[in-house]
Every structure is written in structure tokens, then in C-alpha cells.
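The feature domain 'RNase H type-1' is assigned by Swiss-Prot to 1-143, with sequence analysis given as support. Marked as Mg(2+) 1 binding site by Swiss-Prot on the basis of sequence analysis: D10, E48, D70. The feature Mg(2+) 2 binding site is assigned by Swiss-Prot to D10, D135.
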Amino acid sequence: MEKTITIYTDGACSGNPGKGGWGALLMYGNTRKEISGYDPATTNNRMEMMAAIRALEALKEPCRVELYSDSAYLVNAMNQGWLKRWLKNGWKTASKKPVENIDLWQEIVKLTTLHRVTFHKVKGHSDNQYNNRCDELARLAIKEQS
């Protein structure tokens with residue numbers, strides 16, 4: 001039977017662009033795993049995406065995933081058909097401009113083919129303890145490298 005994993009992700013940037021960090025929390029049953037990372041020159045959107053990518057890469061086998069993010073950019077691209085349209089249009093937006101962050105979107109395409117991922121939007125910086133923990137991990141990743 002396919003495992004269902006719950007993942008919370010968040011990204012942060014000190015300046016946008018600037019130093020960035022990402023954090024993710026993976027939960028399965030009573031098991032919790034926290035991961036985080038840093039980039040010296042990035043954007044907030046890239047860190048939001050990187051959190052999701054690294055969390056999905058951490059899974060050891062194909063899983064069903066409930067992924068929670070406060071990034072409208074990430075969640076809307078997945079749930080409102082933006083990504084499908086970009087693929088169909090050769091990585092061009094509706095206004096015929098190149099899609100930003102193509103490298104990361106291509107990684108997300110690969111990972112969402114391997115795993116069955118449902119994306120959920122959560123309100124950032126509110127009372128969601130898991131999202132708040134991911135925000136803390138992302139900010140700590142920046143602080144530890146500064």
C-alpha cells in the first residue's frame with residue numbers, strides 16, 4: 001500500500017533577491033523529519049520551490065503526498081493549471097515571455113510524476129505550527145550562514 005506523507009514547506013529571503021533559506025517538515029505516522037538549506041543569492045520564490053523539491057527528493061519510495069505551502073506562486077502553478085499551460089506553450093507564459101525558474105519547475109515536474117502530490121495553500125505567518133516551524137528552519141538556515 002502506498003504511504004501517505006504530509007509535508008510542510010517554506011522559503012525565506014533576506015532581501016529579494018538576496019540570501020535565502022528554505023525549510024521543510026516531513027511527517028509520516030509518529031515520525032517527523034526536518035530539513036533545511038541555504039543559497040547565498042536567490043529569490044523568495046526559488047526558496048519556496050526549493051523547499052518542496054528537497055522535501056520530495058527526501059522520500060525513499062514513490063508516495064502519496066499532501067504538501068502544504070504558503071506560496072501562492074507554487075500552489076497556484078500546480079492547482080490552477082499554470083504549469084500545464086507552460087509545458088504546452090514551450091515554457092512560455094500567456095504573454096509569450098519565458099517562464100521564470102524553469103530549472104526548478106522542471107525538477108517539480110519530475111518529482112510530481114514520481115509521487116502523487118496534492119498541493120494545499122496555507123496562510124503564512126499565522127497559527128499553523130508546522131508552517132511556522134518551516135519558516136523558522138528557513139530563517140535559521142540564513143542566520144547560520146551569515
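Cβ atoms here come from the backbone N, Cα and C positions, even for glycine.
Here the features listed in Swiss-Prot are painted onto the structure.
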residue: D10; record: Mg(2+) 1 binding site; Cβ neighbours (10 Å): 31
residue: E48; record: Mg(2+) 1 binding site; Cβ neighbours (10 Å): 28
residue: D70; record: Mg(2+) 1 binding site; Cβ neighbours (10 Å): 22
residue: D135; record: Mg(2+) 2 binding site; Cβ neighbours (10 Å): 21
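Taking the mean position of the Cβ atoms of D10, E48, D70 as the Mg(2+) 1 site, the remaining same-chain residues with a Cβ inside 8 Å of that point are T9, G11, A12, M47, A51, S69, S71, L74, G124, N131, C134, D135, A138.
Applying DSSP to the domain 'RNase H type-1' (1-143) sorts its residues as follows: 57 helix, 48 strand, 38 coil.
Each residue contributes its Cα atom, and for D135 (Mg(2+) 2 binding site) and D10 (Mg(2+) 1 binding site) these two points are 5 Å apart.
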